[in-house]
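Input: a single structure, listed below in structure tokens.
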Amino acid sequence: MSGNTLGTLFTVTTFGESHGPAIGCVIDGCPPGMSLAEADIQLELDRRKPGTSRHVTQRQEEDKVEILSGVFEGKTTGAPIALLIRNTDQRSKDYGNIADTFRPGHADYTYWQKFGIRDYRGGGRSSARLTAPTVAAGAVAKKWLREKFGTEIRGYMAALGEIDVPFIDWQFVRENPFFVPNADVVPQLEAYMDALRKDGDSIGARINVVASGVPVGLGEPLFDRLDADIAHAMMGINAVKGVEIGAGFASVAQRGSVHGDELTPEGFVGNHAGGVLGGISTGQDITVSIAIKPTSSIRTPRRSIDKNGQPAVVETFGRHDPCVGIRATPIAEAMLALVLIDHALRHRAQCGDVVVGTPKIAASAP
């Protein structure tokens with residue numbers, strides 16, 4: 001299994017399984033001298049951790065992070081930073097009925113066919129539990145980007161199933177368990193999730209992420225374009241089935257006279273490009289939207305096969321998120337931060353001394 005590392009200069013390698021003793025990651029390439037404590041990382045992990053409301057998995061994990069290396073006297077040393085999160089609430093007996101069968105929509109079948117062995121307990125390596133180390137690494141990236149450039153990365157749930165959530169204000173995002181920017185819609189979402197749980201079913205979601213204060217120039221054409229690497233990273237999140245940058249698929253119906261964001265001495269007029277032109281950041285907000293499929297582990301009986309290829313009926317009894325998207329906002333923020341810090345370091349390495357006479361224009365014209 002060779003696809004466990006993200007990044008070029010700022011790399012993150014995750015390890016562990018859902019029901020193993022621990023999960024974690026090793027960060028390599030973090031610049032030295034940045035103040036870093038476990039509390040800085042814990043703030044982000046607490047936003048993602050399970051068991052925080054009745055609408056998510058009831059697995060009770062504190063997700064307490066331990067910094068094992070790479071930090072001395074409260075500052076990063078430039079050495080690899082090892083982060084450990086111990087699993088404390090595994091309940092592997094819940095998965096005995098799927099040891100020899102495959103859940104429809106899950107990685108069970110493909111992991112078995114590819115590796116010839118699979119850890120069926122909670123999905124093993126394919127579990128969304130493995131997004132916790134990603135969020136931990138993202139906390140480190142967020143801190144560096146914020147201190148270096150003033151970059152702010154924020155996300156919110158834009159849709160839950162067929163319910164679209166109108167954007168009202170960022171302040172509401174941190175005040176509800178759905179990460180929605182609209183307090184008025186929360187009761188509707190709660191009723192929807194309560195009914196879904198009674199049905200033993202699941203649903204998908206749409207998450208929007210915005211990075212403000214990103215410097216112009218990040219991205220490495222042709223094949224390491226910034227938007228390409230963002231899409232690559234976002235598709236690495238469990239259950240993500242679609243990614244949009246800027247106007248995304250709406251660009252199909254837009255004329256060039258509308259989609260092309262005009263430039264004026266006062267700044268850009270519009271941001272249909274999502275802050276990326278030619279694979280390079282423009283200095284505008286980076287806007288990303290991801291589509292998350294319904295959770296595969298549900299109580300509804302479904303047809304499948306067993307390891308011998310014989311018909312089987314699968315019903316999952318473990319503790320699962322009826323909508324993975326409810327806890328996906330900090331995960332998507334972390335992924336965007338990891339891509340941005342990697343490209344910031346790559347830009348500094350090759351083009352840090354480049355100076356042109358053309359002034360950098362504002363992200364948005366007044």
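For all residues, glycine too, the Cβ spot is worked out from N, Cα and C.
The NADP(+) binding site annotation in Swiss-Prot covers ARG48, ARG54. Per Swiss-Prot, the feature FMN binding site maps to ARG125, SER126, SER127, ASN238, ALA239, GLY278, LYS293, PRO294, THR295, SER296, SER297, ARG319.
Cβ neighbours within 10 Å of ARG125 (FMN binding site), excluding its own Cβ and spanning all shown chains: 20. The local packing around SER297 (FMN binding site), expressed as other Cβ atoms within 10 Å of its Cβ over all shown chains, amounts to 27.
LYS293 (FMN binding site) and ARG54 (NADP(+) binding site) have their C-alpha atoms 20 Å apart, to the nearest angstrom.
Classification of SER127 (FMN binding site) by DSSP places it in coil, neither helical nor stranded. In this structure, the binding-site residues under consideration are ARG54, LYS293, and the one with the smallest number of other Cβ atoms within 10 Å of its Cβ is ARG54. Put simply, ARG54 (NADP(+) binding site) is 21 Å from ALA239 (FMN binding site) when counted between their Cα atoms.
Cα-Cα distance from ARG54 (NADP(+) binding site) to SER127 (FMN binding site): 20 Å (rounded to the nearest whole number).
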